[in-house]
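Everything on this sheet refers to the single structure shown next.
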Amino acid sequence: MSAPIKTPAAETLPRPAGLAGLASDWASDQRTFKNVSWGKAMMWIFLLSDTFVFGCFLLAYMAARMSTTVPWPNPSEVFALEIGGTHMPLILIAIMTFVLISSSGTMAMAVNCGYRRDRRKTAILMLVTALFGATFVGMQAFEWSKLIAEGVRPWGNPWGAAQFGSSFFMITGFHGTHVTFGVIFLLIVARKVWRGDFDTERPGFFTSRKGRYEIVEITGLYWHFVDLVWVFIFAFFYLW
Amino acid sequence: MAHAEAQAAQHTAHTEQQQHPIKLYLLVWGLLFVLSAFSYLVDYFGLQGYLRWSLILIFMMLKAGLIVAVFMHMAWERLALTYAILLPPLLVLVFVALMASESNYVLFTRLAFFGTGP
């Protein structure tokens, strides 16, 4: 799993596991994330920063909601739909959740196929993931138009606390933007996989370096993160 | 069982890449579906109070854990990375506590100085 440590005298020591390993990895005079490529480590650090951004949005929403004296609109009813004459509370959000989870499933399988160098399957699974993502964004566009038609604005709404609109547009808007960029990212990488860039070691357009199938996993990290954020938005915005 | 498979996969995994059986991903996919359905049912049946909150938070944490551990392969990374990524967000909980306390105070002053509202 992990590369041994090379001492200055060029002896090799086995890398300890567990907490002792954690201490030695962070304390050593060498690279901390030894078995992780730079690309993957940087994607993780980007995602950590993004966690803070979404964390601050959800915190601001929590503070607004807890400190307002006006009743908060009931999300269960706000996001209800009439389907075939039956009133379904929160159904739209539930469907969006299932769509996004499915996209995470296909993405995980794409990563697997990528490492087995199955060009065709990887590209197809990534395209399916992108399609699920686009479906999600489409449903969000529908949700936004419906609420705007019903009179929800960032400064007010027909049902209660004025901050509902600003929190809603801010949080779901930022998440939707992430999904949209994710879809574009997926399409770009899927095209490279399909064309066989990582088999022929074709140089990248910007970097003129050879890409590796690992980019599929890095794209996957971003995509799963978008799904992860939705788990928290679903719990705190729609179920609270 | 899935854990045993994962353990086996770990030993065959290459240093830099993450190779795990597709079956494991399908299992997690299914679990995420079931947990989301449970979350939805909490709202559908209109559960309220502490029961609602504990169920929502439990399902949320289980889902988040499954996504990070299996889909994002965190379960197989070395601890140096795992701790670097997972500890800082945990500290946000301090921020949450601060803001919750602050919000209660703001609500208190609003009620005290501007009346109880509608």
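The backbone N, Cα and C atoms fix where each Cβ goes, and this holds for glycine too.
Values in this document were obtained by computation on a predicted structure and should not be read as measured data.
Among the features that TrEMBL reports, transmembrane segment is placed at A:41-64, A:90-111, A:123-142, A:162-189, A:220-239. According to TrEMBL, the domain 'Heme-copper oxidase subunit III family profile' annotation covers A:43-240.
Sequence-distant contacts of the transmembrane segment (A:162-189) (same chain, at least 6 residues past either end, Cβ-Cβ under 8 Å): 50, 53-54, 57-58, 60-61, 64-65, 68, 70, 72-73, 100, 126-127, 129-130, 133-134, 136-137, 140, 143-144, 147, 152-156, 215-216, 219, 222-223, 226, 229-230, 233, 237. Among the recorded stretches A:41-64, A:90-111, A:220-239, the one sharing the largest number of Cβ pairs closer than 8 Å with the transmembrane segment (A:123-142) is A:90-111. Here the transmembrane segment (A:220-239) has Cβ contacts under 8 Å with residues 40, 43-44, 47, 50, 54, 58, 61-62, 75-76, 79, 90, 93, 96-97, 100-101, 103-104, 107-108, 110-111, 129, 133, 167-168, 171-172, 175, 178-179, 182, 185-186 of the same chain, all six or more residues outside its ends.
Non-local neighbours of the transmembrane segment (A:41-64) in the same chain are 33, 161, 163, 166-167, 170-171, 174-175, 178, 218, 221-222, 225, 229, 232-233, 236-237; each lies 6+ residues outside the stretch with a CB under 8 Å from one of its CB atoms. On the 0 to 100 pLDDT scale, the domain 'Heme-copper oxidase subunit III family profile' (A:43-240) averages 93 in this prediction.
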